[in-house]
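Quick notes on the structure that follows.
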Amino acid sequence: MACPWQFLFKIKSQKVDLTTELDINNNVRKGHQPPSSPVTQDDPKRHSPGKHGNESPQPLTGTVKTSPDPLGKLDAPPSACPRHVRIKNWGSGVTFQDTLHQKAKGDLSCKSKSCLASIMNPKSLTIGPRDKPTPPDELLPQAIEFVNQYYGSFKEAKIEEHLARVEAVTKEIETTGTYQLTGDELIFATKQAWRNAPRCIGRIQWSNLQVFDARSCSTAQEMFEHICRHVRYATNNGNIRSAITVFPQRSDGKHDFRVWNAQLIRYAGYQMPDGSIRGDPASVEFTQLCIDLGWKPKFSRFDVLPLVLQADGRDPELFEIPPDLVLEVPMEHPRYEWFQELELKWYALPAVANMLLEVGGLEFPGCPFNGWYMGTEVGVRDFCDVQRYNILEEVGRRMGLETHKLASLWKDRAVVEINVAVLHSFQKQNVTIMDHHSAAESFMKYMQNEYRSRGGCPADWIWLVPPISGSITPVFHQEMLNYILSPFYYYQVEAWKTHVWQDERRRPQRREIRFKVLIKAVFFASVLMQKAMSSRVRATILFATETGRSETLAQDLGALFSCAFNPKVLCMDQYQLSHLEEEQLLLVVTSTFGNGDSPGNGEKLKKSLLMLKELTNKFRYAVFGLGSSMYPQFCAFAHDIDQKLSQLGASQLAPTGEGDELSGQEEAFRSWAVQTFKAACEIFDVSGKHHIEIPKLYTSSVTWDPHHYRLVQDSEPLDLNKALSSMHAKPVFTMRLKSQQNLQSPKSSRTTLLVELSCEGSQAPSYLPGEHLGVFPCNQPALVQGILERVVDGPAPHQPVRLETLCENGSYWVKDKRLPPCSLSQALTHFLDITTPPTQLLLRKLAQLATEEAERQRLETLCQPSDYNKWKFTNSPTFLEVLEEFPSLRVSASFLLSQLPILKPRYYSISSSRDLRPTEIHLTVAVLTYRTRDGQGPLHHGVCSTWLSSLKPQDPVPCFVRSASGFQLPEDRSRPCILIGPGTGIAPFRSFWQQRLHEAEHKGLQGGRMTLVFGCRRPEEDHLYWEEMLEMARKGVLHEVHTAYSRLPDQPKVYVQDILRQRLAGEVLRVLHEEQGHLYVCGDVRMARDVAHSLKQLMATALSLDEEQVEDYFFQLKSQKRYHEDIFGAVFPYEMKKDGAAPSDPRAPGANRS
């Protein structure tokens, strides 16, 4: 056959038809192959090619040369200017003109009316299996085009060699129906395919690819040996080198050489019996295939999968990768020691194994290749994707972030730290990795080079922009043109979905259901479910929360109502009030915040709902409130919603439920939920309502089964900070007591301490004035010892043990994650709450442990709400007092470790400025003592305040800083402020005036007027920080100081709200209304309520506002973050009934939050 000159020369007499219809997706004329243009490419003649045969593959390398195309005249385009696409960088303003796209091969998936650019594996980038060879008339022009491209890469023209090669390829195709690439051509093709890969950000290294020619192998064993050689070379003890191994090309499609693995090294994923996934979820299907083929799984999180290799179209064979070939990097963080507890690791070599190399009409379905990692590939995609290891929320919790609030940006902060850990870990082990910023910069340099050398650069913007950092990377602002050039790496259909099995006995049984059939079945079931759900009564479930507790219960409620209704769970701030006119059933689960207010994400709905005047749709509703009965406005927001909906004409489905944090909140919710669900089924006449199977959550037994728990000896020493960090998801650190000072005079019967803590390092942790310190206290030794003396069948008090629980099916024991391994004495001292009165649920379980029948009956009686509340508020018993009241109780160590509640941290407003005291944190602590039973009962002590008062200098204090973004000094320091804080409410204001003092003396900054309103009993008894206040007033930090004394002899009681009305009415009006200033209130809930009431009266009088207008005025103040409240000091109900007074321990802002 003569040389096909028509593929080598162009007929110059052709004219360009400027009216030809264009393919708008590829910028070429439809039905017309765009003309070639000069290309600057690698010079393969500088490589050292290997020879074919049965020898080991030889490394083939090459370097880049740039020069004009010597055969450009042979491949000259028609006499018309080449069409170009202008590409702009919107960050720098630089533009490129892309002409290379005219050489694009085939069409992309996009259509004239839809863009498919974000499809993961589009058909245009995928090559499926073949059942016959490529016809010679299709193969020949592609082969000649590649040969032209190859010889066009030389610096000097080699026309005779070029023409001879074209002639040889032509004859080979005519004779055999195909042709073979030379070693140099293979090197050129693999590198050029990498250069053309639009989804790769690291192409600047394309010319440094190491090529292993394995086209001579014939068996799976030989393939395995080649791959082992590849992995060893590429890993290089961590100094990763890019490489590719090329197995024999496809012939008739029935004798393919393929690697079935997606990557040469990848972790297994196991579908466990309970539905959970252990390991990498992305590998579940392939892992099961390996098991079906005979692999023995290990069932750990990071098991390296075996290689599944197919040679010459035969059935695949399994090969375990030698462990010494797999370099793995254990993950750690440069600052967070707990990161190692996650026990994460990742393999060092990213080697894609299942793509196909297309070159000159030839297809190589087996061509595993590797580069090195960009940090985000591991830190974002592998670790944080919800369909992968999904560690983001766990890391966020351990960092102490507000993971229940999307607006807190906890995801962004956590994902950055995970990526910091990945980069740090790889670099510490001297393993090659590149951060995404450097990768983006290198791609921009590569792109400039490509436009300069060959007039274009195919690029997929969606894939090249890193998964984090977005617009702060340069690639984000770069317009890109995406097209397919040849040679090219294509995706393939998974091998196990198309393989024709020669031994049917080895075919995995799990593939008996074809994928298409399965999809159709799932789709059909989905349609049926949608129809079923659409025919059900719609139920909207709204929640408002500060800590996430209400959201959790709302989701549980949604699971219950999905058994018979069509529920939708929404946060209140996502709900449109206009939808009330369309509701059939509305359910609300909400906490109450502060002084009877709504949580932050309920404010918008609250305001809109209260302003609503009428409702034409009379739907059904039910409300459940969460809170703490220690607060006088218990569940107030929930009752406000109930009252308003009733006023609007909606019908109450069930009485408003109340979940008391101190009295069986979960049990109360479950009871209310089931009652509401049954009532809804009756009202809406749900079909089969008496036979509905409800979730196990609502039917599970509340009994204690000792056979489900056991204690096992453990030798691991207790790291207290590490344990507390893990349990509470807080970044715990240790401060040490520097000093204590009683701020009250010797005349006072009460104690208020200034606690000064010093840090172990050079500087205290970062905090702002107004923020809180969470302190982890210890229980009193006497209480701990009393309980230890009553434990039966327990280990030695100081013997470290771990609690294990029996799994649901009873087949194995698992470590209980609630507590760390520790001794019983340590658990009772540091981790378990032994002072809060037992809940009704705990009493019910204790009843099972009573050996005296009378005591058992008494405990069961106390489980009833009326008896329980009277007993609880009269005695407020500690757990030791319960054991003393019911001496026949036989309580085991496993019962204590599994059933007692967790000891919570206590929060105190920080009373110092970090700028003024960089190595210290100060607290203002009221030490709580009180007697129960109307003063006749045993003496009780506040847990944390008493513990702090007992410390000696240098004793450790485990703690953490909690943000209080709503209670900080104004960003504009010139704004005037009014500070209102009686008693220990002065605590955060001390940090305010210390900060202002530092700014004035060290930075020369003068703040706006700061007026302080303080309240106490008598000046000579409990005027806290009196001398400091006078000094701050003398230095001009405090503009004025006003004090309200409530216990002066022969004088009427004066409170802070009286000072506001009598002395500061004009100042309040100026600060809040005229000068856009700020007002801060810190103290117990009753004081905050009275202050708010007085302020509203004052402003209503001054501005002539009615009740609704003044409520809206203060709502706007809070929305503008100019009215700040830090409320603490819960009120005990039994004391409220007695005299309306109450002590306040612990300082717990937000104790009435969900």
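Yeah, the Cβs are placed from backbone N, Cα and C, and that goes for glycine too.
These figures come from a predicted structure and were not determined experimentally.
Copied over from Swiss-Prot, here are the features:
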BINDING   Cys110, Cys115  Zn(2+) binding site
BINDING   Ser118, Arg381, Ile462, Trp463, Phe476  (6R)-L-erythro-5,6,7,8-tetrahydrobiopterin binding site
BINDING   Cys200, Tyr491  heme b binding site
BINDING   Gln263, Trp372, Tyr373, Glu377  L-arginine binding site
BINDING   Thr545, Glu546, Thr547, Arg549, Ser550, Ser591, Thr592, Ser628, Cys635, Glu661, Gln665  FMN binding site
BINDING   Arg750, Thr929, Thr984, Arg1017, Ser1046, Arg1047, Lys1053, Tyr1055, Gln1057, Asp1090  NADP(+) binding site
BINDING   His772, Arg906, Tyr908, Ser909, Thr924, Ala926, Tyr930, Val943, Cys944, Ser945  FAD binding site
COMPBIAS  55-66  compositional bias 'Polar residues'
DOMAIN    539-677  domain 'Flavodoxin-like'
DOMAIN    730-970  domain 'FAD-binding FR-type'
REGION    25-83  region 'Disordered'
MOTIF     23-27  motif 'DINNN-motif'
Quiz item: With DSSP helix as H/G/I and strand as E/B, how many residues of the domain 'Flavodoxin-like' (539-677) fall in helix, strand and coil?
Solution: 59 helix, 37 strand, 43 coil
Quiz item: Counting other Cβ atoms within 10 Å of each Cβ, which of the binding-site residues Ser550, Gln665, Thr984, Gln1057 scores lowest?
Solution: Gln665
Quiz prompt | Cys200 (heme b binding site) and Tyr373 (L-arginine binding site), distance between Cα atoms, whole Å | solution = 12
Quiz item: Relative to the Cβ of Gln263 (L-arginine binding site), which residues of the same chain, six or more apart in sequence, are found under 8 Å away?
Solution: Pro350, Ala351, Val352, Ala353, Asn354
Quiz item: Can you give the largest Cα to Cα distance in Å, as a whole number, for the residues Arg750, Thr929, Thr984, Arg1017, Ser1046, Arg1047, Lys1053, Tyr1055, Gln1057, Asp1090 that bind NADP(+) in the record?
Solution: 27
Practice problem: Compute the average pLDDT of the predicted model within the motif 'DINNN-motif' (23-27). | Solution: 37
Exercise. For Trp463 ((6R)-L-erythro-5,6,7,8-tetrahydrobiopterin binding site), find which of the binding-site residues Cys110, Ser550, Cys635, Gln1057 come within 10 Å, Cα to Cα.
Key: none
Practice problem: Identify, among the binding-site residues Arg381, Arg750, His772, Lys1053, the residue whose Cβ has the fewest other Cβ atoms within 10 Å in this structure. | Solution: Lys1053
Self-check item: Closest of Glu377, Arg381, Ile462, Tyr908, Gln1057 to Cys115 (Zn(2+) binding site), Cα positions, binding-site residues only
Solution: Ile462
Exercise. Using C-alpha positions only, work out which of the binding-site residues Cys635, Arg750, His772 is nearest to Tyr491 (heme b binding site).
Key: His772
Exercise. Reduce the DSSP letter at Ile462 ((6R)-L-erythro-5,6,7,8-tetrahydrobiopterin binding site) to three states and note it down.
Key: helix
Self-check item: Trp372 (L-arginine binding site): tally of other CB atoms within 10 A of its CB
Solution: 21
Practice problem: Return the maximum Cα to Cα distance in Å (whole number) over the record's FAD-binding residues: His772, Arg906, Tyr908, Ser909, Thr924, Ala926, Tyr930, Val943, Cys944, Ser945. | Solution: 25
Quiz item: Nearest to His772 (FAD binding site) by Cα, among Cys200, Thr592, Gln665 (binding-site residues)?
Solution: Thr592
Quiz item: What residues, ordered by sequence, lie under 8 A Cβ-to-Cβ from Glu377 (L-arginine binding site) and sit at least six positions away in the same chain?
Solution: Pro350
Quiz prompt | Cα-Cα distance linking Cys200 (heme b binding site) and Ile462 ((6R)-L-erythro-5,6,7,8-tetrahydrobiopterin binding site), given in Å to the nearest integer | solution = 11
